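Participant: Handing you a structure now.
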Amino acid sequence: MPTSEPNDFFHGSVGIVQTQVATFDSLTLEGGETITPLEIAYETYGTLNQKKDNAILVCHALSGDAHAAGFHEGDKRPGWWDYYIGPGKAFDTNRYFIISSNVIGGCKGSSGPLSTNGNTGKPFQSTFPFVSIGDMVNAQEKLIRHFGIHKLFAVAGGSMGGMQALQWSVAYPDRLKNCIVMASSSEHSAQQIAFNEVGRQAILSDPNWNQGLYTQEKRPSKGLALARMMGHITYLSDEMMREKFGRKPPKGNIQSTDFAVGSYLIYQGESFVDRFDANSYIYVTKALDHFSLGTGKELTKVLSKVRCRFLVIAYTSDWLYPPYQSEEIVKSLEVNAVPVSFIELNNPAGHDSFLLPSEEQDSILRDFLSATDEGGFF
């Protein structure tokens, strides 16, 4: 919960916030193994009403965390969706109780490879069990019950967060009123899997990999940095890279690259290794690649059980999760007569568009939530 007055850095900020951790006895994974105990890092913004029917769960993407809005003490930058979460914003904390949690398998406070194995007293690292998108959602469901919430007003997310939102609609059809899926898909294509495989192989090829049992003093940093560089290319569009970098020379005294785009990617890779774990990168990308609700008739059958309204947003410039994948979701929902609104935004920023400030996107989210909050259609 916020612990101070709103920060002036961003108008409408929820202010200074703290990440909390909820601990549960255990979670049985879809593969049959058990996480004991289960820890979930989370943050909340706003106030849960007496009926407990105003809660919105926001789900993060691959490298995200529970810190979606506001500022941690001493930070200069706010949470990853601060533009959209806060008083008077699209996810209005004057109306809604926003919950954001770190996925299990990650490395930002929830159970994952960095967690301590009770049998050895050491971090699990690569011995941590495989975690699926379904497992991530089942862990979130425990957190929702922890708050005494039976039905969420909405579940929202982009990219991997969109997959979690989709999984919520299928696994717990009576537990959410609205589902917002942005820049996502019902399953990864061969190309999407290929991008992730290159990143994983970069990590596995690092001399410090040591079968995933590396020390913090000798981590596979070069491999993880290369994985992040590869991934970051897919998050941007050709137009954005052309406009931002073109063929400009690198800034500063950088000898290892001849171009500005190269120095940018090197910076992204090097800064990433300071805030993310290589094992978690492998676990989370595998969860992404193994997620599948199917396509075509198979997807239509799976989505026949959903009971909520949908907002699906795609981006013309997103070549990592191209609009046709969102359209497949929409078509399957329409066959099942599920209320769905589909919008393709011509945002030049590529896949990262769902994360970036946009007045148009803010208006779309705001209008959808307001319409359904009032019992109408968007």
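Cβ coordinates come from backbone N, Cα and C, glycine included.
Sharing the features that Swiss-Prot gives for it:
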type: ACT_SITE; residues: S159; note: active site, nucleophile
type: ACT_SITE; residues: D318; note: active site
type: ACT_SITE; residues: H351; note: active site
type: BINDING; residues: R228, D352; note: substrate binding site
type: DOMAIN; residues: 54-355; note: domain 'AB hydrolase-1'
Participant: Whole-number Å distance between the CA of D318 (active site) and the CA of the residue listed as 'active site, nucleophile'?
Facilitator: 11
Participant: Given D352 (substrate binding site) and the residue listed as 'active site, nucleophile', what distance in Å do their CA atoms have, once rounded to a whole number?
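Facilitator: The residue listed as 'active site, nucleophile' has its Cα 9 Å from the Cα of D352 (substrate binding site).
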Participant: Do me a favour and check the Cα-Cα span between H351 (active site) and R228 (substrate binding site); whole Å is fine.
Facilitator: 15
Participant: With DSSP assignments reduced to helix, strand and coil, which class does D318 (active site) get?
Facilitator: coil
Participant: Here are some recorded positions: D318, D352. Which one has the most Cβ atoms within 10 Å of its Cβ?
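Facilitator: In terms of Cβ crowding, the pick is D318.
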Participant: Under 8 Å Cβ to Cβ from S159 (active site, nucleophile), same chain, six or more residues apart: give me those in sequence order, or none if nothing qualifies.
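Facilitator: Counting only residues 6 or more apart in sequence, the Cβ neighbours of S159 (active site, nucleophile) under 8 Å are A61, L62, M182, A183, S184, Y321, H351, F354.
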